[in-house]
Amino acid sequence: MGLVGQAFQEEDIARLPGHIAIGHTRYSTTGSSAINNAQPICSVSAAVNLALAHNGNVINALDLKQELSLWGCEFNGSNDSEIIAHLLANAPGLNWQERIAYCMRRLQGAYSLTVMTPTELLGIRDPLGVRPLCIGKLSNGWVLASESCAFDHIGAEFIRDVEPGEAVLIDADGIRTIYKRPPDNGRVSAGCVFEYIYFARPDSVIEGRSVHSARAAMGAALSNVDPIDADLVIGVPDSATAAAVGYSQESGIPYAEGLVKNRYVGRTFIQPDQQLRDLGVRLKLNVLPEIIRGKRIVVVDDSIVRGTTTPHVVNLLRRGGASEVHLRICAPPIISTCHFGLTWRQKPELIAANMTVDDIRDYVGADSLGFLSHEALVNAVGLQRNSLCMACFTGDYPIPVQLEMDKLALEV
């Protein structure tokens, strides 16, 4: 449990034997934040011995868990990743192609997987490619990662994304595609647009699009949403910094750093409960009064989900002496729950599902509030509308979803 730098030291890694490795840092969606849900997950069957790491969320997990229990599988945790591991290890088939094809027919939802056996490394991405997965080349070997920026840190070369519905296998003979499944509903892909807004690091490239460039374009588009006279543009660090610079360049209003991030505090959005999120935002940010005192400020942020941290940011700026605070948000209003790997599970916790924009403005204490439109967001990302999942903004899910009973039942 804890941050990677706290949980592992270099000597811990150096002692590990073998020529293949997978690792995982967990952001809990299905299953509680507990050590028995830590990944990678191991599964052993008569056919295969594997370890699996998973990014995403499977929406028919409860049905599959009940079926696998009848097959004799035992579960130690409460997450959907363990279900995927047991399903893949016990899937009928004489080879990986047949086992993966079976799993893709049975799994519903989002899953980008790395799978390790004693002799092979596999990368598997769901048919709609909701979560990213990419391939890199490192000296005489190969690397898989959820984001391309990971390759830069280890000196690997980014080669390409694993395609939606593709499975690649890496062994002593190199890398090759061993399976490719087309999407079931005719869509080419449905990559999560929130990767570009918030989740991914700005130095990553997803589906050929620089995340930094996409965020800068979001900011530029925001400058045309209810244009106002202001003295400074600031971003809520770090995820909105590029967007704030884009807003400044497009509007001609100077950019400044009015908020400072505490580098020793993690991201508040992904804290597992609200009390930790509230504490996190107070520890995370501080204001520079000498920059903003007496100024009319445009504050660019990536999103407003629950609306609980934004009032703290506005209050910080008021206490720092800002004369006006005008909020501009890169994401459209979030009105629907996410079933594919984000933590907002019920509509009552989504502020935009229960309030108008004017009501939200008053609630957070801003002088004005503007959101990016669906069309402007798609244009900023630079991909086709039908290649993105925007269900949290529209309620139009790329995969038919049930109520959140699966996840709740797993946690119980």
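Each residue, glycine too, has its Cβ placed from N, Cα and C.
Note: TrEMBL annotation is automatic and uncurated.
Within 10 Å of the C-beta of Cys338 ([4Fe-4S] cluster binding site) we count 22 further C-beta atoms, all protein chains included. Sequence annotations record features per position, and here TrEMBL assigns [4Fe-4S] cluster binding site to Cys192, Cys338, Cys389, Cys392.
Annotation comment: TrEMBL describes Ser239, Asp301, Asp302 as Mg(2+) binding site.
Here TrEMBL flags 1-173 as domain 'Glutamine amidotransferase type-2'.
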Length of the line joining the Cα atoms of Ser239 (Mg(2+) binding site) and Cys192 ([4Fe-4S] cluster binding site), in Å
16
For the binding-site residues Asp301, Asp302, the one whose C-beta sees the most other C-beta atoms within 10 angstroms:
Asp302
Tell me the Cβ neighbour count for Ser239 (Mg(2+) binding site), meaning other Cβ atoms within 10 Å of its Cβ, over all protein chains shown.
22
